[in-house]
Each structure stands twice: as structure tokens, then as C-alpha cells.
């Protein structure tokens, strides 16, 4: 690694310090984060197995939920190993190319999750506003095409981020004040013009999160209008109840996402507060998603109960 006037030319490694200001307690912070990761891994694996084996759940909403669970598993695998290695073993260094790879997978999986939440909102819109055509519109082929479109959109848009970072040669530092590699955290290390990187990063955020957020809101405007026109109160409650799990996951994802996004670019929160909350933003939704749907969905709840009873009987 060459350095001139305190700058670094084409660095081969970077240093991740974890949560700035809290390094002295990072070892202990690792345990609750590990617990959240464990809940996320177990919960999403169980969710995928239940949806795959329970024929009554072979419906568009739960197929999208299985894809969301697989995405959440990917996020945990992309973040947790290195983060816990930093917290517990002081493994701060990371190859620059590995950092860019982690950056790509984290942002791509975030974009994938946003796209699947939009697909789930579209499913609820069709189910409530045009129920007679739900099965004919959301066919297995159409579901596959939707998931592929979401994956391709995210891969293409996010894939350019590490390419633009790779063209940068001179860096003022190789120390990243974070527990994982994040786009803006790496951009801020550069000692040359990063206007294109910042502008494209904003474009990707609004092209994925902003676009999806707008159309989810539009979907729910039509859903609430259709529900309000139902003649019976019981029917309105039943229709709205089918959306509550998605609404909870949607709000949890986007509130944390936009807080993390805007505080990193425009906010004045302390570094350890931002890093701590942005890590929570990536790890808590994957842990909560299977719990929310497990509590709200009778078939999933019953299947989990059966598994627990079988384990208890076998002992």
C-alpha cells in the first residue's frame, strides 16, 4: 500500500473499527447482535421450510414472503460474520475488494427487500380490489417474472456502485468508522472528486427505495378506499387484517431505512448513534419479519406449534 502526503494509493486493505466511540464495550455489544442474528437465521429458515412444505401456503403472498426470508438470510450472512469478528476478535482489517463485495451484497439485498415489499403490496391490492381476478393475474409465471425483475433491477443499479468506487485511486484514509462496508462510508475516504459517486448513490436510493415507497403508498390508497366501501364492518376488518403484517414490515423497513440514509448524508447525529442504528436497521427487520408473520398467520403458527410438539414428544 503506497502512501504519499498521508494519502493512500490503490489501497489493498481497509480497517473497520466497528462502532466509533463504543470500542471499549463492543465485545459485550456483540452478544445482543449475535442473538438477533440467531433469531433471524432460525426464524427465516423455519419460515422457508414451512412455506415450502405447507400446500395451503403456496399462494402469492407467502411465496413473496419466502423470497423475503431468503433475502433476510442473505443480509445476515453478509453482515454478521465480519461484524462479530470485529467485536469479539479484533479482526479489523478487510481486503478492499472484499469490502466492495460486501457493500454490493448489502445494498443489493436491501434493494431486493424493498422490491419484494412492493410486490407484496401489489398482491394485497389485487386480492382486495380485484379478488375475482387474483388467481388469473398472479400466476406462477407472473410471480417468477416479478421476482426476476426485482433482482435484475437491483443487481444492475447497485452493481455500478462498486465499479465507480473501484475507479478511485487516492484515499485520504483507509479507516472506515463502521462495522460493515457501506457505500457512503467508503466514498468519504476518497481524496479525489467523488461527485459522481455521491450523485449516483442518491439516484440508486431514490430509484429503488423512493420508487417502491411511492407505489406502495399508491397501492394502499386504493386498498383503503376499497375497504372503506365494503358494506359490513366485519368484512372491512377482515380485509384490513390481511394487510396488517405487511404494513408492520413495510413501516419497520422504510422508517429505519430513510433514517439511516438521511442521517448519513445530511444529519448531525453522533457517529456511534448513526452506526449503531444503521446496524440495527439491517439486522432487526430480518429477525422481526418471521415473528410478525408467524403471529399473524394461523397456518404458520399452527405448523410451528406442530414442530414444537413433535420435538417435545420425541424427547
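In case you wondered, yes, glycine gets a Cβ from its N, Cα and C as well.
A TrEMBL annotation is a machine prediction, not a hand-curated record.
The feature domain 'G-protein coupled receptors family 1 profile' is assigned by TrEMBL to 43-293. Summarising the annotation, TrEMBL assigns transmembrane segment to 27-50, 62-80, 141-165, 202-227, 239-262, 274-295.
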For the transmembrane segment (27-50): best-contacting stretch of 62-80, 141-165, 239-262, 274-295, by Cβ pairs under 8 Å: 274-295
Result, the transmembrane segment (141-165) in contact with the transmembrane segment (274-295) (3+ CB pairs under 8 Å): no
Integer mean pLDDT for the domain 'G-protein coupled receptors family 1 profile' (43-293): 89
